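S.K.: Would you mind keeping the following structure in view while I ask a few things?
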């Protein structure tokens, strides 16, 4: 009986080693090294194989860490950093985008409100009164007049407009509105036109800024 058990043990070790090779250890095992535990998932069978961790390309085999648990601590730092850092970069960009959209959303609630010279809301607005009011809804303070807004913000190219940017129109930046995305602007034009949303082409473009 003792001899029979030894034969079974040898057969098991050979089967486990063959399974590890089938997962991707196709190259010859490197020079003698510290033995690593190789596990056959779901069987409770394991065996120590010297030098298997040094097999070229072994780390690239999908799921190899389930067979050789010690490899789970050897993940490539660059790949790990890419997975961890990518969401962080997106998270950093999110506040600016959400703030711009919040400005647009605030302005959009006032569509249909009457124009009033010098009015800053909440029931009537002139052009720069609307932009100032919408920005104040997200905690931002900007200059009061259209010319000052156009002069003091960070210049933005027409092709780089984002929701919430302030767009100036006409010579001298005498009129401003809030870029609402998709080529449109929300603005308070004049006493004969209630606060509305129009195409950017509705008026001659002067410049655009971002605060």
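Glycine is treated like the rest: Cβ placed from N, Cα and C.
Straight out of Swiss-Prot:
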type: ACT_SITE; residues: 127; note: active site, nucleophile
type: ACT_SITE; residues: 175; note: active site, proton acceptor
type: ACT_SITE; residues: 187; note: active site
type: DOMAIN; residues: 97-211; note: domain 'NlpC/P60'
type: SIGNAL; residues: 1-35; note: signal peptide
S.K.: Cα-Cα, whole number of Å: the residue listed as 'active site, nucleophile' versus the residue listed as 'active site'?
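M.R.: The residue listed as 'active site, nucleophile' and the residue listed as 'active site' have their Cα atoms 6 Å apart.
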S.K.: Using all protein chains shown, find which of the active-site residues 175, 187 scores highest when you count other CB atoms within 10 A of its CB.
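M.R.: Sorting the candidates by Cβ neighbours within 10 Å, the top entry is 187.
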S.K.: Any idea what DSSP makes of the residue listed as 'active site, nucleophile', helix, strand or coil?
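M.R.: SS state of the residue listed as 'active site, nucleophile' = helix.
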S.K.: Tally every other Cβ atom lying within 10 Å of the Cβ atom of the residue listed as 'active site, nucleophile'.
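M.R.: The residue listed as 'active site, nucleophile' is surrounded by 25 other Cβ atoms within 10 Å.
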S.K.: Would you report the average pLDDT that the model assigns to the domain 'NlpC/P60' (97-211)?
M.R.: 97
S.K.: Please work out the helix, strand and coil residue numbers for the domain 'NlpC/P60' (97-211) from the DSSP assignment.
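M.R.: Breakdown, helix to coil: 35 helix, 32 strand, 48 coil.
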S.K.: Where the residue listed as 'active site, proton acceptor' and residue 187 (active site) are concerned, what is their Cα separation in Å, rounded?
M.R.: 9
